[in-house]
Amino acid sequence: MSIFNLHHVYKRRRVVFFLGILGIIIWHFSRDSQKETPLRRVGLTANSSQFTLDGEPFRILGGSMHYFRVPRAYWSDRLLKMKACGINTLTTYVAWNLHEPERGVFNFNWQLELDWLLRDRNMKLRTTYPGFTKAVNSFFDELIPRVVPLQYVNGGPVIAFQVENEYGSYAKDGRYMSFVKEALVSRGVRELLFTSDNRNGLDHGSVNGALKTLNFQKLRPEDIRHLDSLQPQKPKLVMEYWSGWFDNWGGLHHVYDVDEMMRVVMEILNQGLSINLYMFHGGTNFGFMSGALGNHPYKPLVTSYDYDAPLSEAGHYTAKYHRLRTLFGGFHNGNLPMMPAVQWKKVYRPVSTHKYLLLWDVLEVLEKPHESERPVNMENLPVNNGNGQSYGYTLYETNITGGGMLNSRNHVRDRALVFLDRQFIGVLDYNTIEIIVPNRKGRRNLSLLVENCGRVNYGKDLDDQRKGLVGDILLNKEPLTGFRMYSLDMKPDFIRRLSSRSWKPIQKAPSFPAFFLSKLYISGYPADSFIQFPGWKKGVAFVNGQNLGRYWSIGPQQTLYLPGPWLKTGMNQFILFEEQESDFKMQFTNNHDLGMTVDVN
């Protein structure tokens with residue numbers, strides 16, 4: 001995570017990194033941006049019951065925003081809005097999986113897969129397992145030299161580094177936290193170190209030399225007393241005060257009452273604690289990056305990461321924002337900056353899908369299928385320069401000569417559309433592990449299109465996140481063999497190749513799955529909008545090659561955020577991959593529909 005002080009947005013900046021699987025940066029913006037920045041000797045310290053910065057008392061009024069969940073063109077806008085709310089500190093993850101998509105291939109330019117780690121069937125994530133520590137060291141060798149010059153003591157923005165995130169809820173290896181800490185310090189990290197845990201994880205997620213901080217939504221005095229007992233006479237920071245919650249497909253949109261939130265925030269501040277709101281601006285899980293909650297039961301998360309945060313997914317002000325601004329304004333000398341204008345939203349005319357390509361027609365665009373007697377999980381497929389497949393879909397095909405009961409043995413990760421001779425016959429997932437295969441004569445093709453709906457992002461199931469078919473599939477209690485496997489990760493290069501294909505005009509309702517092509521002409525300056533999908537069932541939307549994320553009629557989310565910076569004046573291309581059903585028309589609205597709501601308990 002990163003923390004930034006937002007006194008003046010384009011001024012001197014200060015940052016904190018969390019560098020486990022993710023990174024956390026704390027960025028502080030000071031008042032001397034236009035001046036030559038001197039080297040400093042004293043950064044953020046925690047040597048007494050109050051933080052100091054530059055030797056002066058400092059209370060963190062923080063908010064989280066993840067740069068990879070926000071279009072780059074809007075980074076400045078979101079930071080200015082945070083500053084105008086009285087936020088003096090920004091925290092953000094640095095996502096390892098986005099910056100090292102293949103082993104040894106580093107990308108620090110794209111707005112943004114680490115899942116090549118799962119090719120090692122013995123891999124133990126977040127431990128001192130040699131395969132994992134080797135990967136961490138390799139990544140740190142690339143990342144930390146980029147951050148060291150930005151440390152506060154060097155005149156830069158980084159004021160602290162978070163060693164790990166909620167490791168106490170996962171802790172499997174007593175040596176791991178010391179390894180991560182040493183990996184940071186040995187590469188030149190000199191700023192304050194943090195750990196971050198909920199109440200139950202405080203006793204197991206810490207490391208000597210790092211300040212313990214607390215995560216929660218409901219303030220319990222006994223939790224604060226416990227933190228104080230573990231490190232008396234130290235400043236207390238609520239590193240994650242949860243302003244809302246996640247939404248999962250098939251559920252409801254979670255909201256956290258503004259009055260209840262403000263009551264807790266005021267009590268935190270009245271007790272002299274520092275605070276960081278997670279999230280202040282949630283943004284969007286673009287692409288296939290939404291993740292999932294727990295395996296018991298498994299709950300894939302929606303595309304929106306609105307989180308009921310003070311700044312909405314599209315950067316709109318909310319009641320929470322205005323109430324926080326009034327409160328935080330009392331902690332600043334002078335008036336807060338003016339609130340920046342909200343981006344204009346436009347309702348574009350509806351567009352019809354006029355051309356299509358069946359899934360089966362695009363297989364020739366893919367790499368040659370991998371053949372194997374038994375199914376291979378997507379991470380171990382010999383694709384992407386030997387790094388396997390991380391996201392998207394994998395198509396498994398084999399031949400059968402009879403019908404009967406098809407049993408997944410719960411080896412489908414996470415959802416499979418099943419086809420007989422390319423005609424849909426059913427779905428296999430965590431709830432449905434058996435379907436009937438019709439009994440027809442002759443040699444027939446059985447296909448399973450398996451979707452990775454998102455990897456679990458918390459808890460003790462991290463090592464069990466391989467996707468695709470992770471074991472045998474049985475037909476009449478006998479394992480199927482002789483598989484052909486196609487990787488459909490739907491990366492930008494694949495979408496570009498699709499765009500150059502000869503698409504078929506829609507003259508009658510096609511079969512599914514299929515890719516559908518639509519075009520939207522914009523005569524003026526592009527603006528934000530939201531896409532509606534009435535009559536569509538489930539799929540993925542792309543605009544000008546950018547993956548906007550998943551849509552699914554089961555909700556709760558009913559619209560996808562369409563960022564204006566991803567559009568252009570002139571002709572814009574939309575490609576929708578639809579799994580099962582469509583009315584062949586997209587509509588636009590200026591209101592985001594995140595579905596029916598439920599209060600966070």
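Cβ atoms here come from the backbone N, Cα and C positions, even for glycine.
Those TrEMBL annotations? Automatic predictions, nothing curated.
As given in TrEMBL:
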ACT_SITE  Glu166  active site, proton donor
ACT_SITE  Glu240  active site, nucleophile
DOMAIN    50-114  domain 'Glycoside hydrolase 35 catalytic'
DOMAIN    116-328  domain 'Glycoside hydrolase 35 catalytic'
DOMAIN    513-572  domain 'Beta-galactosidase galactose-binding'
TRANSMEM  12-30  transmembrane segment
*Mean pLDDT, the domain 'Beta-galactosidase galactose-binding' (513-572)?*
97
_Least Cβ-crowded entry, counting other Cβ within 10 Å, from the active-site residues listed as Glu166, Glu240_ = Glu166
*For Glu166 (active site, proton donor) and the residue listed as 'active site, nucleophile', determine the Cα separation and express it in whole Å.*
10
*asked:* Give me the DSSP three-state residue breakdown of the domain 'Beta-galactosidase galactose-binding' (513-572), ordered helix, strand, coil.
replied: 3 helix, 34 strand, 23 coil
*Secondary structure content, the domain 'Glycoside hydrolase 35 catalytic' (50-114) (per DSSP, counts of residues)*: 20 helix, 18 strand, 27 coil
